[in-house]
Amino acid sequence: MSNKKTFKKYSRVAGLLTAALIIGNLVTANAESNKQNTASTETTTTNEQPKPESSELTTEKAGQKTDDMLNSNDMIKLAPKEMPLESAEKEEKKSEDKKKSEEDHTEEINDKIYSLNYNELEVLAKNGETIENFVPKEGVKKADKFIVIERKKKNINTTPVDISIIDSVTDRTYPAALQLANKGFTENKPDAVVTKRNPQKIHIDLPGMGDKATVEVNDPTYANVSTAIDNLVNQWHDNYSGGNTLPARTQYTESMVYSKSQIEAALNVNSKILDGTLGIDFKSISKGEKKVMIAAYKQIFYTVSANLPNNPADVFDKSVTFKELQRKGVSNEAPPLFVSNVAYGRTVFVKLETSSKSNDVEAAFSAALKGTDVKTNGKYSDILENSSFTAVVLGGDAAEHNKVVTKDFDVIRNVIKDNATFSRKNPAYPISYTSVFLKNNKIAGVNNRTEYVETTSTEYTSGKINLSHQGAYVAQYEILWDEINYDDKGKEVITKRRWDNNWYSKTSPFSTVIPLGANSRNIRIMARECTGLAWEWWRKVIDERDVKLSKEINVNISGSTLSPYGSITYK
């Protein structure tokens, strides 16, 4: 409160000083005026009463006003007049700004980008999963089944140059866009470099357009480039599509699914897309409960390319400095990239899924995808009859086949064939792009390195041995087999088994059934007959050491002592 009063007091004092200065000037002026009046009135009679000088009256009034102001609580407000900048200074500032905007940093940009020191493979290396511990084998008993789940550590190395486009990155992956070669790029989440640009020429490869297929975009932003591409496409539809058919350009890849990082590297696609659209159950796959194959069909309608620069600075406005690029992330660890082309069309993802434990699943799925008639192959037909199929279409008239789930693979074939022709009703969609290093126009390929566990499951069914002795002799048998299990570390545990009547003499006719568990392996069947000959008392009729487990193993012996006969058949 005291500060406020003090401030008011000093404000009044300042005002009074100003007023005093003005009054002083007035007094001086009046004094001079009075002198002149005195000289001109010397003839005035002396008997008149003298009048008080005007200066004295003015001083009295000023003093009274000063006292009133000092005793007042009102603040005296002073409004200092704003002094404008000198015109010379303004002109100088304007000149400096203009000079700065006209500075040419082309040589600096070229020198700095050419001098960036990096390894293309290292800056775009993507290290996926590293597998340390896993159970190599596991045995699961279910009723009359024994399921062996086998896991093998494998690795995959790929360097794809065409990167799948997802909706969330379309504004960073258009033709002529600038990006950073960093971790975000390897994860399909590129960082954009936004700055003032030089005009950029782009070219669309739709047939029949000739010179009209190339246009220059003055300011190559996402919006401007997209508008230019739309205009080119509309020109083609309006003027050139009548007598021209698009060349068929279909890219097809397939892979069994074992893990997220593995399928990303194998198909060059973000696993989140597949997981979200196709609903891949990675957990069931790792347990060996399901087998899944993914196929990707890329149908390219046209490609838009951006003219590659001769020098790095060609893409920038001359006012852009290297310091500005550094502020936006450019460095040895994240050199700049240039999107050289974008493919437009549609992508069809197909998921084939089964719970079959057959080792022929992959072959059956591949045959179906390639259009092979699998009905003539009993094994393949059985697998496909117990499978489900899902197709998801990205791009084109996706509303018609957004997502199809069926048990009939012919339906999937129709999805792939339908809407494969480019038209206004079936528009193209950005599906993949390629970038180059701005320094030297080398293609930027993501170096995928990942380990994964390949999980396979084999199902075995319990069986039996049917023994039948119809020979004219005394016979003996030896039936041996192993039962396989696995401990918690995946190590194989073998238990030796034998038939209780091994080496017992059996006369004809004789028959019996020996049950075998689903985990039976290394089956050995031996049968011998007594010849009665002193030099060869026992003669082997059957001696098989690697009999395969089957639903029914029929072992038959017959004949005479000198001419015995034996056979093993399977059902």
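Each residue, glycine too, has its Cβ placed from N, Cα and C.
The signal peptide annotation in Swiss-Prot covers 1-33 and rests on sequence analysis.
According to Swiss-Prot, the region 'Disordered' annotation covers 30-108.
Residues annotated as transmembrane segment in Swiss-Prot, with similarity to another entry given as evidence: 260-273 (among others).
Per Swiss-Prot, the feature transmembrane segment maps to 280-289 (among others); the stated evidence is similarity to another entry. Sequence-distant neighbours of the transmembrane segment (280-289) (same chain, 6+ residues past either end, Cβ-Cβ under 8 Å): 138, 147, 149, 257-260, 263, 271, 274, 351, 355, 357, 453, 455-457.
Long-range Cβ contacts of the transmembrane segment (358-367) within its own chain (Cβ-Cβ under 8 Å, at least 6 residues beyond either end) map to 254, 256, 291, 293, 352, 374, 377, 379-380, 382-384, 387, 456, 458-459. Annotation source Swiss-Prot lists transmembrane segment at 358-367 (among others), citing similarity to another entry.
Under 8 Å from some Cβ of the transmembrane segment (375-387) lie the Cβ atoms of residues 352-356, 358, 360-361, 363-365, 367-368, 407, 409, all in the same chain and six or more residues away from its ends. If you look up Swiss-Prot, you'll see 375-387 (among others) marked as transmembrane segment.
What Swiss-Prot records for 529-539 is motif 'Conserved undecapeptide', and it gives a curator's inference as the kind of evidence.
Under DSSP, the residues of the motif 'Conserved undecapeptide' (529-539) split into helix, strand and coil as follows: 0 helix, 9 strand, 2 coil.
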